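Student: After the C-alpha cells below, expect a handful of questions from me.
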Amino acid sequence: LLLLLEATILQLASSSHHPFYNGFYYNHIMNDMGDGQDKDYFNGARLVVETSKDPVYSYNGANVTLPCHYRYEPDLGDKRKIRIKWSKLRDDYTKEQDVVVAIGKTYVAFGDFKGRAHIHRASRHEASLVISDVHLKDDGKYRCEVIDGLEDESDVVDLRLQGIVFPYQPPRGQYKLNFHEAEQVCQDQGAILANFNQLFQAWSEGLDWCNAGWLADGTVQYPIRLPRKPCGGVHLAPGIRSYGPRHRHLHRFDAFCFSSALRGEVFYLDRLAGMTLEEAKQSCQDAGAEIARVGHLYSAWKFLGLDRCSAGWLADGSVRYPIVNPRPNCGPSEPGVRSFGFPSKGRFGVFCYKER
C-alpha cells in the first residue's frame, strides 16, 4: 500500500506542468454586438433577478402583470442578448409548467397561455410577464428566470386570485368523489379544486367544515375553527386537519372548490306558484341568461353582496339562497349560502347568471 501511494505521488508530481481540467472549459464567448470580437465572460459582474416580494392579486377575467427586473452588479453598459423564461410551479411539486420563453423581441407562449401571455419590456432590464384574461387555474407561484450565457438567475412571484372556497357534495351524498370526479364537479360549478393556500385563507376568514375534501395537490384536508369531538377531537387546536395524500382513483371524499370574482351578474326570478327545475332553466334562457352554478352564487354573495331570503334552483339541481345580513326566518345567525339540498320535488324560484 505504501509503495502504491508513493508511486501515485510521483506520478502527480511528474505531471504537474499540465493544466488542471475539471470537465468544463471556460474561455471566451462571442459578444452581442456582431463585431466578431470575443469577450471574457467572467468579468466580475453578477446577475441579479428580482420580482415582487408581496403577492400580486387579481381575479378571474382580468389582466395582470407579474413584475420582474434584472441587473448586473456592477452595471454592464453594453447591450447583451439574454434569454427570459417564465414557468409556473405546480402545487404537487412536479415538473414546472412552461409559460413563456423570449429572446430579444421574439417570444413563444406554451399550452393554455398561448394568446394570453407575453413579456413586457418597457425598460432596459425589465422582464415582466403579462397574462390576459386570467383563468382560475392561473393562481399560483411563477418563476422568472434570466439566462445570460452560462449564468442563470431566477426569482419567484406569487399570483393570488381573489376568490372564495366552498365545500361541495354531489347529489348522491357525502364522500362519493375520487380525485378526478372532484376536479370535474368543481369545473361543472364554475370553479376549480382549491389549493392549500386558498383553503387556509378561507379558514382564516372563518370557514369551519367538518367533512374532508380533496385539494388540487391530491391531499385531503378540512378546516376547523371550533374544535369538537367528531372533527379531530376537542383537544386539538383550531387549524387545517389533513389526511395527507390519498389514492386519486380509489379513495373518496368531498371537494373544496374555488371560485373567483364574476365577469357577470346573478339575479333571481320567481313565479307565484314557483317552478320546477326544468321550468327554472327555461326561465333563465328566456331572460337571455343561464341557470347559475353553485360557484356563481357563492361569488355573487361574497363579492357582489347578493342577499336573498328566497330559495332558488341552481344548475346542479340543488336549491340554495345567499344571506349577507342574517335576520329572522332566513336561517342561522351567521352570513352564508344556505342549502336545501337536492329536492326531487318542489317548486322554487331560480338564480340566473348572465355574462356582461
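Glycine is no exception: its Cβ is also placed from the backbone N, Cα and C atoms.
As the structure is a computational prediction, the values presented were derived from the model and not from experiment.
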Student: Per TrEMBL, which of CYS186, CYS231 is disulfide-bonded to CYS210?
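Tutor: Matching partner in the record: CYS231.
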Student: What's the number of neighbouring CB atoms sitting within 10 A of the CB on CYS231 (disulfide bond)?
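Tutor: Cβ-Cβ neighbours of CYS231 (disulfide bond) within 10 Å number 19.
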Student: Roughly how many angstrom lie between the C-alpha atoms of CYS330 (disulfide bond) and CYS210 (disulfide bond)?
Tutor: 23
Student: Would you report the average pLDDT that the model assigns to the domain 'Ig-like' (45-157)?
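Tutor: A mean pLDDT of 91 is what the predicted model shows over the domain 'Ig-like' (45-157).
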